[in-house]
Amino acid sequence: MANGETGVGGGGLPQRAGAAPQSDPAPRSSSLTNLYSLDGLLVFGLLFVCTCAYFRKVPRLKVWLLSEKRGVWGVFYKAAVIGTRLHAAVAISCIVMAFYVLFIK
């Protein structure tokens with residue numbers, strides 16, 4: 001051990017004399033990166049379709065959000081149509097995704 005370093009702290013890199021032992025950095029939370037993963041994107045899409053389909057069943061929300069069929073606001077309308085017409089497939093997809101997120105991931 002040269003240059004003022006000691007072997008204190010055991011098993012790894014030598015540390016400088018008088019320095020506090022460094023611990024491993026805290027593991028990063030994966031909640032911030034879930035939108036960028038494929039499964040996070042699928043969960044977001046399923047929740048968006050289910051939410052818009054629910055908005056279509058509520059009269060005030062239907063008039064407020066789903067009146068436009070084109071443009072940026074048309075995305076809400078199209079997601080609501082997908083959610084109501086393919087309700088069986090969307091429900092099965094939600095169940096499969098919930099099983100995946102809870103037990104596999």
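Cβ coordinates are placed from backbone N, Cα and C, and glycine is handled just like the others.
Residues or ranges marked as region 'Disordered' by TrEMBL: 1-29. Positions annotated as compositional bias 'Gly residues' by TrEMBL: 1-13. According to TrEMBL, the feature transmembrane segment maps to 35-55, 75-103.
Remote same-chain partners of the transmembrane segment (75-103), defined as residues 6 or more beyond its termini with a Cβ less than 8 Å from a stretch Cβ, comprise 39, 42-43, 46, 48-50, 52-56, 65-69. Counting residues 6+ beyond its ends, the transmembrane segment (35-55) has Cβ neighbours under 8 Å at 61-62, 65-66, 76-77, 79-80, 82-84, 87, 90, 93-94, 97, 100-101, 105 in the same chain.
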